[in-house]
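Read the structure below first, then the notes.
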């Protein structure tokens, strides 16, 4: 069994459901110390984080990821116990196999192999690892980034090991992500008897036209790198449970995934204009999740594309689709950020799995990226 698969199995066997780390970071740290990395422990609250670096000058390439995983769901429905990983017919099963302990293992072994070959390499190699990516993401990467920015730590390039691939390893790499923010809207009416609607104000009826207008609005056209901004209602709650009572208020939650054509303030203004146009009595709370970011083709993207082509003989598609990741926090540093990892078909599902050989190939890709950036100068 390869070193990458051995390490992946060891990491997956540790039940690190957010915000637990279950010893995963200690395992990685031990390996990194052995090849000359300096380790900085950066815990915040209940969350374990660390920043490790090798080298003191030149561009800094950071490998970023998370040791926490989502809950398993009913363990009886797994064909393999989620924290007792096994390779069956060439497929590695276990919670975190794809998201993202397989990537972490590939990163560590890639760096081990690169350092063994180039002990005096140019540049700096770093790791930024958290146990709070799948949860509230309050005390994880965002806190580490803030601390690094306060001391003017420069991270030039970053590879996030999120499972970016769809059908085959390396077919898609994420060179950006849309921005995200949510609204929690409360619309007020007047409770009453359904038989006397003139004595009541139904907040469901009042809110429906405004929500429909937002759902049908054309927010922007997107651009060459981002699809158009999307609006989705995620939850609506109203009523007492009785069929003869007009409710007194309605709560609706919604989310925007927005392109670089708009920002939080512009979208907020348009939402308020729609709500006010419909003469609603309302309160609204906003949750800002992050701005869009984009890494244009250049030194990092070119190094990654070449490494994928050389290793698995395909040319990856550059994409900004999908949800958010911790890359949005790292991008605040002015860092070029790209996500590259395993196939994402089973992430967060029962029987999460990944092709075992693809993790060996992923390690080769990461190592070749290092070669392209630091050994071909």
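Glycine is no exception: its Cβ is also placed from the backbone N, Cα and C atoms.
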Swiss-Prot has 66, 162 binding Zn(2+) 1. Which one of 26, 89, 99, 139 is in the same site?
99
Run through the Cβ atoms and count how many others sit within 10 Å of the one on residue 68 (active site).
25
Chain-mates of 66, 99, 162 with C-beta within 8 Å of site centroid, Zn(2+) 1:
65, 100, 103, 133, 134, 160, 161, 163, 325, 341, 347
What is the interatomic distance between the Cα atoms of residue 162 (Zn(2+) 1 binding site) and residue 133 (active site, proton acceptor), given in whole Å?
11
Using an 8 Å cut-off from the Cβ centroid of 99, 134, 348, can you name the remaining same-chain residues around the Zn(2+) 2 site, in sequence order?
69, 70, 96, 100, 347
Could you work out which of the recorded positions (99, 133, 134, 162) has its C-beta surrounded by the smallest number of other C-beta atoms within 10 A?
134
